[in-house]
């Protein structure tokens, strides 16, 4: 009996340690890549340009991997605009964005899904899965509109909680479209020295940021209302149980 009771906390600690190690690895990689500029994006652009007609497809693959390694998305999108112009560049950026979301989600699912389910417990994990099945797509879309949140970090987290890959891909495509245009067009405007294109890019970015701020506020209010509702339900006594006790 005591052996069984001791094994549960030990198993729980193991899952906690696994998630903490995974999160620490991501934070370390983020600092190494995003803060120290260990990857030379200009050199990457040069290498991609050397591939000739295959450059757009090459950049989609390379940029997807670099995005999962926390190279800032705006830099990758602007580089796409510099290389391919505003039209082709937007589709290249979107392809790379979807690739990053899928790669990061797969890694997050592999590294943390089992531990997250174990810590949630069977019943709560099933409820979470049902909620994700209904709302996962729009959670991914909404996250992409909220400014200041790393898309790669969010994709790793979504994978840990088991968001299906199709929801990650479609949600990333829909939610990233405005910012993909903004950053890609800005990069193309810098290359072409086009004030009009730069103004359009900045306008789209501002509108997206405002929508994202309102979406984050609305989502937070809904979460608080849901949490209060759960607390109120938890505090209601069962009348049948009370009668039985008497």
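Placed from the backbone N, Cα and C atoms, the Cβ positions cover glycine too.
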In Swiss-Prot, which of 57-77, 120-140 is tagged transmembrane segment?
57-77
Among the ranges 57-77, 157-177, 196-216, the one whose Cβ pairs under 8 Å to the transmembrane segment (19-39) are most numerous:
57-77
Distal contacts, the transmembrane segment (157-177) - CB-CB under 8 A, six or more residues away:
19, 22, 93-94, 97-98, 100-102, 104-113, 116-117, 128-129, 132-133, 136-145, 151
Same-chain Cβ contacts of the transmembrane segment (57-77) under 8 Å, 6 or more residues past its ends?
26, 29-30, 33-34, 39, 41, 44, 48, 51, 83-84, 89, 92-93, 95-100, 102-104, 107, 150-153, 155, 179-180, 183-184, 187
